[in-house]
Amino acid sequence: RFTFDCPGMMGQRYLYEQVEQVCDDCYNLYREEKIAVNCRENCFLNSWFTVCLQATMREHETPRFDIWRSILKA
């Protein structure tokens, strides 16, 4: 398991775990370490995270994840 600290993570562990689960699920699909790392770059604010949302068939949750990622990046 890879861990990357986000500035807004303190007190938002639940949000972090929800967002991180997308990267974990994406890694489990492809079994490529670079995907797991890239998905978490810049506190999940990157195009890889979007690709992982689509790959895990969760793109309908994009607005919620956008808010959560913004909170974690703050």
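Here the Cβ of each residue, glycine as well, is placed from N, Cα and C on the backbone.
The feature disulfide bond is assigned by Swiss-Prot to CYS6-CYS43 (among others), with similarity to another entry given as support.
Counting only residues at least six positions away in the same chain, the Cβ atoms of VAL22, CYS23, CYS26, TYR27, ASN46, TRP48, PHE49, CYS52 sit under 8 Å from the Cβ of CYS39 (disulfide bond). A helical conformation is recorded for CYS39 (disulfide bond) in the three-state DSSP classification. As annotated by Swiss-Prot, disulfide bond applies to CYS23-CYS39 (among others).
According to Swiss-Prot, the feature disulfide bond maps to CYS26-CYS52 (among others). Neighbours of CYS26 (disulfide bond), defined as other CB atoms within 10 A of its CB across all chains, total 23. Taken residue by residue with DSSP, CYS26 (disulfide bond) is part of a helix.
Sequence annotations record features per position, and here Swiss-Prot assigns alanine amide to ALA74 based on experimental evidence. Using a 10 Å Cβ-Cβ cutoff, ALA74 (alanine amide) registers 11 neighbours.
By neighbour count, meaning other C-beta atoms within 10 Å, the densest spot among the disulfide-bonded residues CYS6, CYS23, CYS43, CYS52 is CYS52.
ALA74 (alanine amide) and CYS6 (disulfide bond) are 8 Å apart (CA-CA, integer value).
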